[in-house]
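Trainee: If you scroll down you'll find the structure; I have some questions about it.
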């Protein structure tokens, strides 16, 4: 029995699932930290902070940077720095700086993962409505989808500012299913992190976990999605479609 035979729509996470956004996110985080005269983190570290929205990203960045600064000063025999600005206010300032810098680098620092466009096109051609659910701040979402030429595939897009409760809360997924006019159990959700899988389970949606994204350094199988794939086009055969690589070879 095909686990996905009752699927009537598919929704996707964005960062780490459809796009590699780490270069742009890391650049904006580091520019914001540098502007506040704090240590910069680097892409490898920032990747472990991605997934819960920009506010949480800023909190994680600031916590790390303040600790790193204290460690560096102690190593150099310098006294600790007394922060005149409370941490909450620093997070607010950091977020404002991040938004400015990310607006400048988002498009050039974001790339489609392999087979994404072909997979979305094949699903749309089959007549399945497609949705997008991301914790990314809403103002950045539409311009990014347009720049990557994938906005045309989605009938429903939910950004991080469009709901009160972000993933892993089920609300964004339930909203997408409602707008698609289908039951949650008829909507497949595809993501790369535990937030995605937890949201899908809470909403009652079947889930696909992808192995290549951003998941806080842990394996996606620990979140127990219904199915695990190494490439996004691996979900096509499960939905009754030819694998996109096979389709490409037929077209050559």
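Using the three backbone atoms N, Cα and C, a Cβ is placed for every residue, glycine included.
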Trainee: According to Swiss-Prot, 13, 15 bind Mg(2+); identify which of 171, 192, 221 is listed for that same site.
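Mentor: For the Mg(2+) site that includes 13, 15, Swiss-Prot also lists 192.
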Trainee: Would you count the other C-beta atoms found within 10 angstroms of the C-beta of residue 13 (active site, nucleophile) for me?
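Mentor: Within a 10 Å radius of the Cβ of residue 13 (active site, nucleophile) lie 28 other Cβ atoms.
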Trainee: Rank the binding-site residues 15, 192 by how many other Cβ atoms lie within 10 Å of each Cβ and give me the one with the fewest.
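Mentor: The binding-site residues 15, 192 were compared, and 15 has the fewest Cβ atoms within 10 Å.
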